[in-house]
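Single-structure report; data block below.
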Amino acid sequence: MNGLEAALPSLTDNSSLAYSEQCGQETPLENMLFACFYLLDFILAFVGNALALWLFIWDHKSGTPANVFLMHLAVADLSCVLVLPTRLVYHFSGNHWPFGEIPCRLTGFLFYLNMYASIYFLTCISADRFLAIVHPVKSLKLRRPLYAHLACAFLWIVVAVAMAPLLVSPQTVQTNHTVVCLQLYREKASHHALASLAVAFTFPFITTVTCYLLIIRSLRQGPRIEKHLKNKAVRMIAMVLAIFLICFVPYHIHRSVYVLHYRGGGTSCAAQRALALGNRITSCLTSLNGALDPVMYFFVAEKFRHALCNLLCSKRLTGPPPSFEGKTNESSLSARSEL
């Protein structure tokens, strides 16, 4: 993970990073576009995830594993969104970090902690869907809210430990009367960077894709299922994979290219700028995850959709909102209908 890439920088490293920063400076137009993007992203993601988290906490009695994972996903998204205003200030200030060293470390730590936590919670949701649909009876003892909470606690601890180096290593560099926070876009790379990227992203991504391929095969080969239930499962698969492909795949592909460049050295200023711009764009896409997850809730969770209509529609819906999931039982059809 990115925390594993953070090493104590030498003077040579800082000089190289300063050179990269000078070559990668944005134009005023680029700064304005990035700032507008983060402002819109912050508003949409904050409202959507705050509403989702309130609903998940309010409906905690439903006691389903998927609800637990969705609640932790909303917490991760909301925590990640709360550091986006620092990027707004950075771009409005003309690539200058005015907050100092400690806030820079905290911003990097919180952003990457919650980004990778979101990735792993999406993977947990995929695994839960796989067990519920492909092995509905065998997984009854495993798919319990307590186990889901324990899994989430374990993931929070693991990701926090992996990101901890961001809190202890210097992350600011001064260039031409401006201070740059390295954790906003260009993390310091190390020899462990590619290996950490593989552990942090490749494993959960492959796991998620595998789960959904097996789910699709089960839906095609299994007993006859109502069309709307099958469509709901396909909708869930499409949404989660779309979030991975839009938000996380471009960033990690570009990150691998950047790490290889960093270790190679001798890159022209034009190439440095291209890499810097790529970092900014793909990082924007990762932060978009916070705005897209509530869209997923809307399409796959009936209670979220019901509550949102109650808030926005002039005519409030009558009757109690449906649960996010039905009560788990030993029926394959019931398990397939969850979410």
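Cβ atoms here come from the backbone N, Cα and C positions, even for glycine.
Annotated features in Swiss-Prot:
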- CYS104-CYS181: disulfide bond (DISULFID)
- 1-36: topological domain 'Extracellular' (TOPO_DOM)
- 58-64: topological domain 'Cytoplasmic' (TOPO_DOM)
- 86-105: topological domain 'Extracellular' (TOPO_DOM)
- 127-147: topological domain 'Cytoplasmic' (TOPO_DOM)
- 169-195: topological domain 'Extracellular' (TOPO_DOM)
- 217-232: topological domain 'Cytoplasmic' (TOPO_DOM)
- 254-280: topological domain 'Extracellular' (TOPO_DOM)
- 302-339: topological domain 'Cytoplasmic' (TOPO_DOM)
- 37-57: transmembrane segment (TRANSMEM)
- 65-85: transmembrane segment (TRANSMEM)
- 106-126: transmembrane segment (TRANSMEM)
- 148-168: transmembrane segment (TRANSMEM)
- 196-216: transmembrane segment (TRANSMEM)
- 233-253: transmembrane segment (TRANSMEM)
- 281-301: transmembrane segment (TRANSMEM)
Surrounding residues of the transmembrane segment (281-301) on its own chain - C-beta under 8 Å, 6+ positions past either end: 34, 37-38, 41, 44-46, 48-49, 51-52, 70, 73-74, 77-78, 80-81, 84, 87, 115, 118, 184-185, 232, 235-236, 239-240, 242-243, 246-248, 250-251, 254-255, 308, 324, 339
Within-chain partners of the transmembrane segment (37-57) [C-beta distance under 8 Å, separation at least 6 from its ends]: 67, 70-71, 74-75, 77-78, 81-82, 84-85, 87-88, 91, 284, 287-288, 290-291, 293-295, 297, 303-304, 307-308, 311
Proximal but sequence-remote residues of the same chain as CYS104 (disulfide bond) (Cβ under 8 Å, at least 6 apart): TRP97, GLN171, THR172, CYS181, LEU182, GLN183, LEU184
Long-range Cβ neighbours of the transmembrane segment (106-126) (under 8 Å; 6 or more residues past either end): 1-3, 66, 69-70, 72-73, 76-77, 79-80, 82-83, 86, 99, 148, 151-152, 155-156, 159-160, 162-164, 166-167, 171, 181-184, 187, 200-201, 204-205, 207-208, 211-212, 240, 243-244, 248, 286, 289, 293
Long-range environment of the transmembrane segment (233-253) - Cβ separation under 8 angstroms, sequence gap at least 6: 119, 122, 125-126, 129, 133, 197, 201-202, 205, 208-209, 212, 215-216, 219, 281-283, 285-286, 288-289, 292-293, 295-296, 299-300, 336, 339
Positions on the same chain near the topological domain 'Extracellular' (86-105), where near means CB under 8 A and six or more residues out: 21, 25-26, 28, 31-32, 34-35, 38-39, 42, 166-172, 178-184, 287
Averaged pLDDT, computed only over the residues in the topological domain 'Cytoplasmic' (217-232): 72
Residue distribution over DSSP helix, strand and coil in the topological domain 'Cytoplasmic' (127-147): 11 helix, 0 strand, 10 coil
